[in-house]
Amino acid sequence: MMEATAREALLDDAVQAAAPPNGGMNDLLDVAPEDNLQGQMGEFLDPQAEYNEEEEERKYYRRKRLGVVKNVLAASVGAMIVYSVYMGLLQMQLILHYDTTYREVKYSNLGLEDIDRKMLMGINVTPIVGLLYTPVLIRFLGTKWMMFLASGIYALFVSTNYWERYYTLVPSAVAIGATIVPFWTSLGNYITRMAQQYYEYVNYKQEHVQDQKKLPKGACHSYIIVFQSVFYIIFNLSFVFAEFPMSLFLNNDLQGKAHILDRVEKCGADVHGLIPGFNTTVLTKLPQSMLLIYVESVLMAFAFLSMIIFLVLCGPAYRPTEEIDLRSIGWGNIFQLPFKHLRDYRLRLLCPFFIYSGFEAMFAITGFSLSYGVCVLGLKRLWLLITVYGLSASVFSSLPLLLLRLPRWTCLAAGAVVHFVLLVALFAFSPKPKHEEFLHPLLAVAALWGLGSALNRTGVSILLGVLYAEEKERLDFVYTIYNWWQAIAIFIVYLCAHLPMRAKLSILLVTLLLACYCYWLMERRLAAKVQYRLPRIPRPRHKVKGYRYLEEDNSDESDSEKSEDEEGEEEDEERDGGEERQEEQEQEEVWGAESPGARRRGGEGQRRRRRQQEAEEEEEEEEEEGGEREEW
């Protein structure tokens, strides 16, 4: 018994001697273990001394701004590659199919000439219906995905040239015609949205940016001017790169001007049509089939490169929640809103400039380059004229940057003056065929026309972006109207291809003067602060609550506990309802009882009276039944 007690005492002493060192240290420091653990966790979780939240935020938004610049450059380069491939292939295809020897030897009775006519009809006629589906398509797919899809359709057009048949060329040409308006609308919308995003990332500390409210008037105008100028500087190089297939591959197989222009007697302003008497054999020898396949394969590779650029390098134009809002106003409203935006007198008065923009672009690459350039210098000099025009348009697209210091009307006015002088000079310019001494004057005219085109097209895009800079939900409708009128102009040029040259120049001159007058009238009304009319865009209707719209439903909330946002929404709804009632009253004053509002109110009044009569009849029947029961 004594031995067991001694053994237990020794065991207790050993346990006490083997206590953990922390316990002894804590005893020495008089610190509890829990307090020590909390102190260590506090040191670990406290913000580091070298971490600067404001500096990190500044670096974050600097990366965002660089991303916006990357998006603008990627969209510009992608559009430039798409149109370089498209115009280069189309030019080479039309020249080869024009040669009778090539058609007979390669395709015999296939009827390539008829296929080319129908293909050009599909490209020029189909865009007329673009106004009907462009906004719906863009809001369904999104701006970025619309650009990607359009570049894919252009790549499809390139692929059909591997097997040139009616059922490959004509449907792909119709698809390109249907894509032109959505593609250019997406580009214009995308560049303007990038300018708005850049402003938001520069002024990220502003309260209206943090609350995602409407931008102040004129806030992002400078960014729109810079980004649109950069886009057209890069895009106009497509006219230069489009001539590479012809200058590097096809030019060596073309006949000289003595053979091609043998029966041509008139050029310039005296021409009826394009080039009357132009020889139908323009090739000295037929190009090798494998060489054609190599060229088309290179063009196909660049077409795929443009698709990858749009897909990988271009970021989204809107936030996901903004895209949800844009789609949720109803597809019927999206379909109608482009037509309703024509109520705005600013757009109506700019329509002549939209039409002239299409006229002058088509005249540069068809009327002037063929009836003046090829008719005098031969087909071998065509690439030189188009290259000079493209380089001039690209270089002078930097001139609209002066709008950062000058009034906005100076760009369009300067371009109109340049084109007016050239049109008057071309009226009297009728050079003789096969005269090489006219090379330098024609190159000078091409360069000056490129100057006017740069000022005109860049100026119109900048003007639209500036006028609707604060209305980001309207940009796709505005650019749809702009590009649709350009498509109408291209269709008119296609119909009038065989008119005398002086008639074409007269149409251009009259359209230019009308456009300048309408633009002056618009600026005068804006200076006088004449109120323009914008259609009301309906509020988004969300059928399913998404992550942005998930709110806690408080059924016990009273009217006095409503949030300020809900009260603001109710005020907006009341104001919108007041505007609708005011419009109905105006219609009733004009149309009287035949106005839609009066008919609708009349129908509602009749239904209300009918319901009151039915309720009164039911009450009378119940009273009669009650009286009968009392008598019983």
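Even glycines carry a Cβ here, placed using N, Cα and C.
Automatic prediction, not curation, is the source of TrEMBL annotations.
Listed in TrEMBL:
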- 552-591: compositional bias 'Acidic residues' (COMPBIAS)
- 615-632: compositional bias 'Acidic residues' (COMPBIAS)
- 548-632: region 'Disordered' (REGION)
- 68-89: transmembrane segment (TRANSMEM)
- 119-138: transmembrane segment (TRANSMEM)
- 145-163: transmembrane segment (TRANSMEM)
- 169-191: transmembrane segment (TRANSMEM)
- 223-242: transmembrane segment (TRANSMEM)
- 291-318: transmembrane segment (TRANSMEM)
- 349-370: transmembrane segment (TRANSMEM)
- 382-404: transmembrane segment (TRANSMEM)
- 411-430: transmembrane segment (TRANSMEM)
- 442-469: transmembrane segment (TRANSMEM)
- 481-500: transmembrane segment (TRANSMEM)
- 506-522: transmembrane segment (TRANSMEM)
**Q.** Positions on the same chain near the transmembrane segment (291-318), where near means CB under 8 A and six or more residues out
**A.** 67-68, 70-71, 74-75, 77-79, 81-82, 84-85, 88-89, 92, 142-144, 147-148, 151-152, 154-155, 158-159, 161-162, 189-190, 193-194, 245, 249, 326, 472
Q) Counting only pairs at least 6 apart in sequence, do the transmembrane segment (506-522) and the transmembrane segment (169-191) share 3+ Cβ pairs under 8 Å? A) no
Q: State, in range form, which of 68-89, 119-138, 411-430, 442-469 has the highest count of Cβ pairs under 8 Å to the transmembrane segment (382-404).
A: 442-469
Q | For the transmembrane segment (481-500): best-contacting stretch of 68-89, 169-191, 411-430, by Cβ pairs under 8 Å | A | 169-191
Q.
So, taking each listed stretch (145-163, 223-242, 411-430, 442-469) in turn and counting its Cβ pairs to the transmembrane segment (68-89) that are under 8 angstroms, which one gives the highest count?
A. 223-242
Q. Is the transmembrane segment (145-163) close to the transmembrane segment (349-370), in the sense of at least 3 CB pairs under 8 angstroms with a sequence gap of 6 or more?
A. no
Q) Where among 119-138, 145-163, 169-191, 411-430, 442-469 do we find the most Cβ pairs under 8 Å to the transmembrane segment (223-242)? A) 442-469
(Q) Cβ pairs under 8 Å only, please: of the recorded stretches 145-163, 169-191, 411-430, 442-469, which one is richest in them relative to the transmembrane segment (119-138)? (A) 169-191
Q: Using a Cβ cut-off of under 8 Å, list the residues of the same chain at least 6 residues beyond the transmembrane segment (442-469) that approach it.
A: 188, 191-192, 195-196, 215, 218-221, 224-225, 228-229, 231-232, 236, 346, 350, 353-354, 356-357, 360-361, 364, 368-369, 372-373, 376-377, 384-386, 388-397, 399-400, 403, 408, 411-412, 414-416, 418-419, 422, 425-426, 431, 475, 478-479, 482
